[in-house]
Amino acid sequence: MSSGQQPPRRVTNVGSLLLTPQENESLFSFLGKKCVTMSSAVVQLYAADRNCMWAKKCSGVACLVKDNPQRSYFLRIFDIKDGKLLWEQELYNNFVYNSPRGYFHTFAGDTCQVALNFANEEEAKKFRKAVTDLLGRRQRKSEKRRDAPNGPNLPMATVDIKNPEITTNRFYGSQVNNISHTKEKKKGKAKKKRLTKADIGTPSNFQHIGHVGWDPNTGFDLNNLDPELKNLFDMCGISEAQLKDRETSKVIYDFIEKTGGVEAVKNELRRQAPPPPPPSRGGPPPPPPPPHSSGPPPPPARGRGAPPPPPSRAPTAAPPPPPPSRPGVVVPPPPPNRMYPPPPPALPSSAPSGPPPPPPPSMAGSTAPPPPPPPPPPPGPPPPPGLPSDGDHQVPAPSGNKAALLDQIREGAQLKKVEQNSRPVSCSGRDALLDQIRQGIQLKSVSDGQESTPPTPAPTSGIVGALMEVMQKRSKAIHSSDEDEDDDDEEDFEDDDEWED
């Protein structure tokens, strides 16, 4: 059983001595993905109630489990018959494991005192060794981590001070600074002359380098981060989590140092960043105005131009409308019939009964002298009934220039599929023209396609492109390697090889 001597470093499961190989295999399958048992034993679980009496809780196989997904260690008891977890206790910080008896081990649980009563003392011995070795290793690592912050977090930049007057005392000064106990011993002895401001010369080749705000343990300090650096990180798509991540932030810090430091990065950023933004911001505004400015003009043009054409087309446009509107009749009388209905449209301007008689004579004389005289009396009565029933289709028949204009406007409305107007039939060419103008505005507002300027791509050259390339390489490295191994050094008490798949 040499495998149980160094369980924390093993990646294989350690079964119980009292179980068969098949039972141990079943136990291993109950552990869960990426979980390993470092020691296993058949036990009874006891808990001390308020009366300080041990009470049995359950029986099963106890396992010291290394849970890689949770990055922690647990004591877990499984029922191998039902294949379920009966109890668990995480090994918290300062966990103390006692063994008052070789077969009876106790420790403080989350809610009460807990004890494991082992069925086999050999198993109890191996189990105890696995737990104590793990606790000891964690203790040593935590002490190392506690001592580490005492040292310098950042390498101190050395400055060469050329002054011959203090070169003879440089070695002594370093001893005084680095060895405190020797300094205390020499206090009683004769004191050497201390340096004064006059003895210290001015430094040569001194350059002030801005502080990046990066700490090797906590990453970048987001509260005190330089605004220009933050702008650079935003342009490269670097998140706050990446700036806080120890490894990723170190990659970014190394990049800044290799580039020449914070000031060099900021100067490069100032030289490159300003030019691109203006064009990208100035580009979008121009396109929108053209559509808006071009949209309104067309409708008015139609409104002004519409009246002139109708008069010239009046003689030619008047004949066509009648045939399509009356497909059943080809004889000349129908056109006059259509001519006479117009009198009703004039009703709004004058009395209902008065308008019919006057218009017929005038229209008959202007458009077709022979046909109008015979039919005037009969057609008079039919139009009124026809108007209420078929007002939408029979109304566009007025003759003359106004009639032609009205016919043209109405034909245009039919072609544009807006004839289902709820408003009353227009009584004059002016009203019809106004309707056409309104309809034209509605159609115009949705007819034009919008002109869109392609967005200017973000700059990927210079300092921004270089940093983005570094971050892409970092991302590929993270995804290509195992996720568990990448995050190993983030644990406070674990080594790089602690967590495994």
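A Cβ is built for glycine as well, from the same backbone N, Cα and C atoms used for every other residue.
Since we're looking at a predicted model, the values are computed, not measured.
Residue annotated by Swiss-Prot as phosphoserine (from the set SER362, SER426, SER445, SER480): SER480. Residue-level annotations in Swiss-Prot identify, among TYR46, TYR92, TYR253, TYR253 as phosphotyrosine. Annotated range for region 'Disordered' in Swiss-Prot, selecting from 135-158, 183-206: 135-158. The DSSP breakdown of the domain 'WH1' (31-138) into helical (H, G, I), extended (E, B) and coil residues amounts to 18 helix, 59 strand, 31 coil. Cα spacing between SER239 (phosphoserine) and TYR253 (phosphotyrosine): 15 Å, rounded to the nearest whole number. Cβ neighbour count within 10 Å across all protein chains ranks TYR253 highest among the modified residues SER239, TYR253.
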